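Undergrad: First the structure, which I've put down as structure tokens, then a few questions once you've had a look.
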Amino acid sequence: MSSDAPERFDPETGIAAEVETARIEREMEQSYIDYAMSVIAGRALPDARDGLKPVHRRILYAMHQSGISARSAHRKSSSIVGETMGDYHPHGDSAIYNALARMAQDFSMRNPLVDGQGNFGSVDGDPPAAMRYTEARMSPIAEELLDNIEMDTVEFTANYDDRLSEPAVLPAAFPNLLVNGSSGIAVGMSTNIPPHNLGEVIDATIHLIHHPECTVEDLMNHVQGPDFPTGANIVGQNAIYKAYKTGRGRVRVRAEFDVQDDRIVITELPFQTNKARLVERIADNVNAGTIEGIRDLRDESDRDGIRVVVELKRGANPDIVKNQLLEHHLESTFGVINLALVDGQPQVLTLKETLHEYLEHRRTVVRRRSQYELDEKRDRAHILEGRLRALEQVDDVVDIIRNSTDRDNAKAALRGEHVVESDERGESLPTFDFSEDQANHIVAMQLGSLTSLESDEIEDEYESVQERIERLQTILNNPDELDAVVEDELATIRDKYADERRTRIIEDDGTVTHEDLIAQEDVVVVVTEDDYIKRMSLEDFRSQHRGGKGIIGTSLKDGDTVSSVYVANTHDYLLYFTSHGQVYQLKTYQIPEMSRTARGKSAVNLLELDDGEQITAVVNTAEMDIDDDEERYFTMVTQSGYIKRTSVNSFQNIRSTGIIAISLGADDKLIDVEVTDGNRDIILGTRKGMAIRFNEGDVRSVGRSARGVHGIKLEDTDAVAALAAVDDDQDDWVLTVTEHGYGKRTDIDRYRQQSRNGKGLIDIKTNERNGHVCEVETVGISDELFMMSRKGQILRTPVDDISTVGRNTMGVIVMDLEDTDTVASVDTHPRTDDSSEADSGDGESESENATATTPS
């Protein structure tokens, strides 16, 4: 202490030398506030940016500093706790170990941040084993929270004894606050944030990047609701909406169970429910007579999952027992309090605000990382420039170094601080003005680096460094480029770690459903051969005149091609018929909405498809908007020419695993499906340009498992390409499109009705120019066409832009394709107001040879 500093205590008496009078109420108030803020900011609440409390952040950083990564061996938990406590968190070891254990529990964390080995507790409330017995390391996804932390991406502060530094926040490559949630009790406030699905949260974050003005309702198109690690069900969408809209709410969580005749089997419990205590409470209620109708209760849970069996008494009503269990045990309430630290202050956040805080943090991280890398690259470019200059005058540089008295003298000479008058041959040597860093590197160069090969490598590296500098400057100077980097990195995390939802959202009377929050709009849905699927707004595609090239509609992975395109409303139910003869159902809005350049999402994440099973036909149930007394049928055709008709009533209860729609022969597959009313004419078109028209009454209605009857006689090398149903009130023409992009309209009357199983008539010429037929549709004057190529181009064009000609003709160019591309799919849709006038596109004139031989 300085000698002139005032003495606070009398050295003889120990009494304070100065006494300050204060009101005890004010002092207690201020001291309490200081204590409260210390607890709030330093212990109980997570940071909105990385979703971590200080203890969790310090544990992960201590593991990072000790090299305990996802690829290293597990380390004793006691060692991790000791390093955390000694270097960063001077609190009790039990508190640190409890925090470590929670990050390893897959029933507490949606995406565990610690990979534990040993007993870290259970859903029965068992405590973790002592820290000397368990081992741990970081999980792979935890490493993403610390990625690039060495690149000045976040602020560091001194640790508790000023001996080390620790991060104030982690870079956090994914929105951990929402993904893993958080809970804690501070002074006068608490937080309780539920976990969410990683893929949904990232999709919402990306949506916010592109639509900063979006609403909570818009974001809920991506984030359905909390996604608990223990699964179970959330009852009602309204409570979720309120919690996301205000930051506070109460969500009802219901166990998953199967009600059978003589038992109820519980397989999933509400989040944070102690299973052992639950079973005990049920037994107590049965003994007390609160719950009646139960004769036995068994916990058959094992490492494969939860299974609690409630055996019912003979004659007991399973629904009554179920309702009693729901009232007392199987349904709980999760109180959402989305409270987190924003700029060090506690704040209740809406869903949008939570994502915004994270997004701003990631922008800062990417900006700081880019600046850090830019500085490094500039330093490296400076060194390389010096080395290249030295190599250009290598003889003079070598002479200067050789004639210098020592290394420092040589460096000084290279910096131009003095002149080496002459070398051993008596010649004057030039002067240089290298910087200090350049001179140091030049003097340190080995003789082997003077070779021409080494010079080429330096030039290549210099060019590469300059390119990277330009890219980094673009990122730093262009907010859109910076956001693109943030989006790409988020998408990478999603593709690497996202999995399916575990918690289902079930509806309740009087609630706002998830569907209510989704705007009704027409969309374009694309499916690929590898069963990638996505939807895009119809407004993304402007109408062009025929002969245009269209615009990109999807990106494709290597080896994949487009299989089908169709237009639907977001609220439509779609039935997906597959190559195995199965049918599945899905709401259009459940298909992920993506950009035109995105690849899509694997359909196996939406439909439980078998290996090798492909979507071959899609039926929109909006086409079945009929009176109750009207019958409708699904009329199906296979590539070998079999046709069948089955009542739509047979498809009312479609399971998530699908149901059979048609039995198929060997090497046969379902090609097309149409909705008919029992009185329609059917047109079958083949790949080689034949077509047959007959009444659907020629095909009797059969069950789902039937194979059907022959619809057309095919040549040995021919196959059915499409099925069209004639609507006399709306359809005027038959539209035929070939794989090389040619097509035509022909009056329906030119296709005379025949008997089923005939050879048919020539519909279109399938020569080298046209290629094979890929689609046959019945169309009206108000329709427009959506054509998609195998490589992902989409053309939207009016049907009346296509010439009306006879049957046995060549047709005109409809879509201009690359030489290696072909038409994959065609769909028709009633023309909308925004498509009434087509763009000129790249359309060709009508002077092509639209007619050829006279129809036979």
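Using N, Cα and C of the backbone, Cβ positions are placed for all residues, glycine too.
Got these off Swiss-Prot a minute ago, pasting:
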type: DOMAIN; residues: 45-517; note: domain 'Topo IIA-type catalytic'
type: ACT_SITE; residues: Tyr133; note: active site, O-(5'-phospho-DNA)-tyrosine intermediate
type: MOTIF; residues: 544-550; note: motif 'GyrA-box'
type: REGION; residues: 822-856; note: region 'Disordered'
type: COMPBIAS; residues: 835-847; note: compositional bias 'Acidic residues'
Undergrad: Which numbers of helix, strand and coil residues does DSSP report for the motif 'GyrA-box' (544-550)?
TA: 0 helix, 2 strand, 5 coil
Undergrad: Averaged over the whole of the domain 'Topo IIA-type catalytic' (45-517), what is the pLDDT?
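TA: The predicted confidence over the domain 'Topo IIA-type catalytic' (45-517), as a mean pLDDT, is 91.
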Undergrad: Are there any residues in the same chain, six or more apart in sequence, whose C-beta is under 8 angstroms from the C-beta of Tyr133 (active site, O-(5'-phospho-DNA)-tyrosine intermediate), and if so which?
TA: Gly118, Asn119
Undergrad: Name the secondary structure element type, per DSSP in three states, that contains Tyr133 (active site, O-(5'-phospho-DNA)-tyrosine intermediate).
TA: coil
